[in-house]
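Have a look at the structure below before the remarks.
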Amino acid sequence: MADKTASSAVGNANIPSEVETTTLPPSPLYNPALGNASNREARAQSPAQEQQVIESAKKDVDFEKSDLVVEEVSVEESESGYPPFWKVVLLTIGINFALFLVALDGSILATAIPAITKEFNSFGDVAWYGSSYLFAVSALQLLYGKLYTMYSVKWTFLVAVFILEIGSLVAGVAPNSNTIIVGRTISGAGASGVYVGCILIVAHTVSLRQRPIHVGILASTHGLASVVGPIIGGAFSDHVTWRWCFYINLPIGAVTLLFIFLFLPHLRPTPTRLPLKEQIKQFDLLGLFLLIPCIISLLFALQWGGSKYPWSNGRIIALFVVFGVLAILFWCVELWQNESATVPPRIVKNKNMLGGIWYGVWLGAAVFVFTYYLPIWFQAIQGTSATDSGVRTLPSVLGQVVFALVGGALASALGHFVPLLIVSSVLSAVGAGLLSTLKVDSNTGHWIGYQLVMAVGVGIGSQNVNLIGQVAVPFKDMAIATSILSFTGTLSSSIFLAVAQSVFQNQLIKHLASKAPGVDAAIVFAQGPSALRASVTAEQLPAALEAYNEALIQTFYIGVAAAALSIVGPVFMDWLSLKQPQQQKSPPSTSQASTAD
C-alpha cells in the first residue's frame, strides 16, 4: 500500500496482460499508512497548573527551528480529553468508510478494465489507469505529512476525501481514455491524504491503549474492500456499466464527509498563527520540487523497464540516473532545512522509526511478491482463470483480515507491540518458505495451509508497526512520521515488484530453454499464464509446467528473503510500551494545536 491502491499499477504493467485482471488485489493489510498515530492523554488542570506546564515546555523547545506553536504537555494520561463513546463510534464508521472507499477505488478496476478498453479501444492505456493513481499517491504522501502538521486535521482530511470524490466523478463521466487517466490522477492525490488522515483521527479520538484495536479494524476494512472490489467491478461491468465502478465512490464518500464534518472536533486550541510567508517557508518547496520528479522518474523507470523497454535501454538508465541525482540533492536539502524539512533528519535517525521502516519495507516486499505471483502460480500451474485464482488466495486475504484484529487485540492487552513484530517476521518467513516449496502436483491442503501460516504472520504484525509513532516520536511529529512510513512502504513495494518481475522473466526464459527447448518463450509471455496450456502442445505441457513452476519458485525466494530480513528491524527496537509513552508532548485530540488554519 502499501496496498493495491498505491502499488498495483507497477506490478500490473510488468505482468502479462492476462494477469492484469486478476481479482486478487494486493495485500489488504500491508498498508504502511495504516498507523503511526500518537498521543499523550491529558487531564483537566487549574489555570495556574496549565500555565506552569506551558512555561516549562517553552524552555525545551526551539521555536525558530522546531515547533511553531506552544504545545501543552500533559501530566497524566486519562480518558477525559477524548470524545464520548457514541461520538467515537460514529467517527470510526466515518473513517472506515473513507478507507473502504480508498481500497475499493484501488481494486475495483481489476475486472472492469476489459470493458473500459473495449469501449475506448484503449488497451495500450491499461497500465496508465493504475500507474497514474500510483504516481499521485507516491508523490504527495510526504506533502500531506506537512499539511496535517500545519493545518487542521479535520479540514485537511475533508479536502483529501473531496479531491478523491472529484477524481471519481471525472473518471465516471469520462468521454475518452485520457479523461479516465486524469480522473485517476486526481483520485490518487486525494487518496494519498486519506491514508494518513484516518490514523491521525484515531490518534486524536482514542486512547493509546485502545488504538491497536482501532488500527486493526481499519486494516480489516481495507482487506474486505480489496476482496469485494473486483467482484463489484465485474458485476457492474457485466450487468450495468463500468462507469459505476467510479460512481459508487460518490455516496460512500458523502457518508464519510458528513460523519467527519459533524462529529470530529477541531483539533487545535490556541495556535500561534503564522504569516502566509512563514507558512510557505515551512513547506520546504525546494525539497518538494526535487522530490516529486525524483519519485516520478523512479516509477517511470520501474513502469517501463522490462516491459516497454529493456532494462539496458538508454531511457531506463537515464531515468534511474535522474532519480539518483535528485534523491541525493533532496537529502542534502533536507539536511540543510533541518526542522523545516519535508523529512526532518532527526525523525529518520530515530532508532525505533528506523526499525519500523526496515520492518515495513521488507515485510511489505514479501507480501506484494506473493500477492502478485501466487495468482500466477494458480493460473499457470493449476490452469485456473484469473477470477478463480483470486478465489484460491482467499485463505491469505481472509487470514490477514482476521489476524489483523487479533494482532491489535494482543497489542492492546499486552501493552507492547514490538514482540508481535518479531513473531510476525518469523511466521511470515516460515509461511513464505513453505510457499516456495510448491510443486506442479501440490495438493489443496498444501497451498491453503501454507497461505494461512504466512497470513497469521502478516496479520499480527503489519498493522502494529504503525503504532511506533504513538510512543517513539513527539506528538508534533505524528503526521510526518505517518507519511514517512506510508511513503517508504509504497515505494518499496513498487521497487520489489519490478525486481520480482525481472527475476521471473529471466528465470522463465532460462528454464523453458533447458526443460522445454521446443517452446517459444515469446509466445508463452504474450499469451499469459492462464493460456499456458493453449500455448504449447500436449507433449510439451509437462516440461513447460515444470519450467514455469521453477521460475515462479525462484521469484518466491525474493519474498522469503524479504520476510526473513524484516526481523532485523524489531530486534533492534526498544520494547515500546503502550501504557507509558515517554515521547508524547501533547494532550488528546481536542487540545492539539495546528500551526495555521
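Quick reminder: no glycine exception, Cβ is built from N, Cα and C everywhere.
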Candidate ranges 390-410, 516-536 [criterion: TrEMBL lists as transmembrane segment]: 390-410
Leading stretch by Cβ pairs under 8 Å, where the reference is the transmembrane segment (215-235) and the options are 155-174, 390-410, 417-435: 390-410
Distant-in-sequence neighbours of the transmembrane segment (316-336), which means Cβ under 8 A and at least six residues beyond its ends: 284, 286-287, 290-291, 293-294, 297-298, 300-301, 304-305, 309-310, 342-345
Overall pLDDT of the domain 'Major facilitator superfamily (MFS) profile' (91-578), taken as the mean: 87
